[in-house]
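Worksheet: the structure to be examined is printed underneath.
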Amino acid sequence: MRGKKRIGLLFLLIAVVVGGGGLLLAQKVLHKTSDTAFCLSCHSMSKPFEEYQGTVHFSNQKGIRAECADCHIPKSGMDYLFAKLKASKDIYHEFVSGKIDSDDKFEAHRQEMAETVWKELKATDSATCRSCHSFDAMDIASQSESAQKMHNKAQKDSETCIDCHKGIAHFPPEIKMDDNAAHELESQAATSVTNGAHIYPFKTSHIGELATVNPGTDLTVVDASGKQPIVLLQGYQMQGSENTLYLAAGQRLALATLSEEGIKALTVNGEWQADEYGNQWRQASLQGALTDPALADRKPLWQYAEKLDDTYCAGCHAPIAADHYTVNAWPSIAKGMGARTSMSENELDILTRYFQYNAKDITEKQ
């Protein structure tokens with residue numbers, strides 16, 4: 001009986017030693033396969049590593065470096081184990097499928113890989129980001145004005161880091177709008193109009209030789225009998241910039257640019273009046289033949305703008321509501337952000353106008 005007990009204790013001791021040794025070995029393996037050197041042992045990781053070397057996460061004045069695991073692997077718990085298990089697919093694609101074994105293949109799958117990481121970070125409330133950064137530790141008052149606005153908004157709306165901070169350690173995917181969206185917009189142009197109807201250009205258009213009209217501008221049809229409708233354009237002139245008609249006094253949303261003939265053809269509807277900054281404004285209107293097709297409603301144009309926003313802007317940050325900024329603030333903000341995308345000049349113009357027409361100081365949203 002004693003012999004059996006001793007054998008049982010011996011087996012138990014062996015099991016404890018083997019189990020403990022196995023756990024220590026597993027921990028060692030998990031730790032070793034999480035360091036940057038191991039990540040770089042895969043050829044396909046050389047490209048993202050080069051991108052990462054040009055960022056503040058690799059080199060900065062504080063001398064603090066975020067390694068691969070700091071961003072891509074949760075620190076502990078089941079999230080850590082799941083991340084390690086899911087990483088087995090990377091080994092498969094490296095050595096078996098060859099899915100990203102060339103620069104061309106890597107670029108072809110960049111968006112897919114980026115969206116996978118963004119989704120994982122979103123699901124964990126950007127846990128790996130918050131292991132270094134936290135709102136509690138931030139001196140928000142010392143940040144730039146734009147950073148203060150966005151961080152205060154993020155706290156208020158319970159947004160997470162990855163909602164805005166995409167493409168900060170590796171190049172973001174280059175996203176392009178489907179051309180079908182633009183063709184669909186053009187197909188919705190009004191085929192016939194009636195007197196008194198409101199129509200809206202969906203691209204840069206012309207009132208004869210008098211004016212170049214911007215997308216989204218409200219035009220009233222005054223004579224629909226001819227091949228080209230005669231339209232009425234109403235707006236405001238600013239002294240010193242008489243060749244431009246704006247939406248309202250003090251609001252620099254340009255409706256149209258006038259030629260010399262257009263300026264002469266203007267009907268002035270009031271005297272010059274000063275705004276709060278001393279700029280002089282007056283109402284004016286222009287009539288002429290619209291030579292380009294237009295929409296019967298702004299809705300399709302704004303739906304197209306929202307697609308642009310979702311395609312190009314949401315890849316880097318959470319959507320910013322149009323009423324977050326004023327009509328005069330939006331152009332410089334949109335231009336600065338648009339420069340980081342592959343948006344065309346026309347696409348950026350339409351998106352900017354969508355933001356302006358729905359800005360926080362526009363009383364009646366367009």
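Each residue, glycine too, has its Cβ placed from N, Cα and C.
Here's what Swiss-Prot has on this protein:
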- 1-6: topological domain 'Cytoplasmic' (TOPO_DOM)
- 7-27: transmembrane segment (TRANSMEM)
- 28-366: topological domain 'Periplasmic' (TOPO_DOM)
- Cys39, Cys42, His43: heme 1 binding site (BINDING)
- Cys68, Cys71, His72: heme 2 binding site (BINDING)
- Cys129, Cys132, His133: heme 3 binding site (BINDING)
- Cys161, Cys164, His165: heme 4 binding site (BINDING)
- Cys313, Cys316, His317: heme 5 binding site (BINDING)
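Positions of the features from Swiss-Prot, shown on the structure.
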residue: Cys39; record: heme 1 binding site; contacts (Cβ under 8 Å, 6+ apart): Met45, Phe49, Cys68
residue: His43; record: heme 1 binding site; contacts (Cβ under 8 Å, 6+ apart): Glu94, Asp101
residue: Cys71; record: heme 2 binding site; contacts (Cβ under 8 Å, 6+ apart): His57, Thr128, Cys129, Ala169
residue: His72; record: heme 2 binding site; contacts (Cβ under 8 Å, 6+ apart): Ala83, Val117, Thr128
residue: His133; record: heme 3 binding site; contacts (Cβ under 8 Å, 6+ apart): Cys161
residue: His165; record: heme 4 binding site; contacts (Cβ under 8 Å, 6+ apart): Cys129, His317
residue: Cys313; record: heme 5 binding site; contacts (Cβ under 8 Å, 6+ apart): Pro319, Ile320, Met337, Thr341, Leu351
What number of additional C-beta atoms lies within 10 angstroms of the C-beta atom of Cys68 (heme 2 binding site)?
19
Taking just the CA atoms, what is the gap between Cys42 (heme 1 binding site) and Cys132 (heme 3 binding site) in Å?
27
Residues within 8 Å of the Cys68, Cys71, His72 Cβ centre (excluding the heme 2 site residues themselves):
Cys39, Ala66, Glu67, Ala69, Asp70, Ile73, Thr128, Ala169
Taking the Cβ of Cys132 (heme 3 binding site) as centre, how many other Cβ atoms lie within 10 Å?
12
Near Cys316 (heme 5 binding site), which residues of its own chain have a C-beta under 8 A away, given they sit six or more steps off in sequence?
Cys164, Lys166, Gly167, Pro172, Met337, Arg340
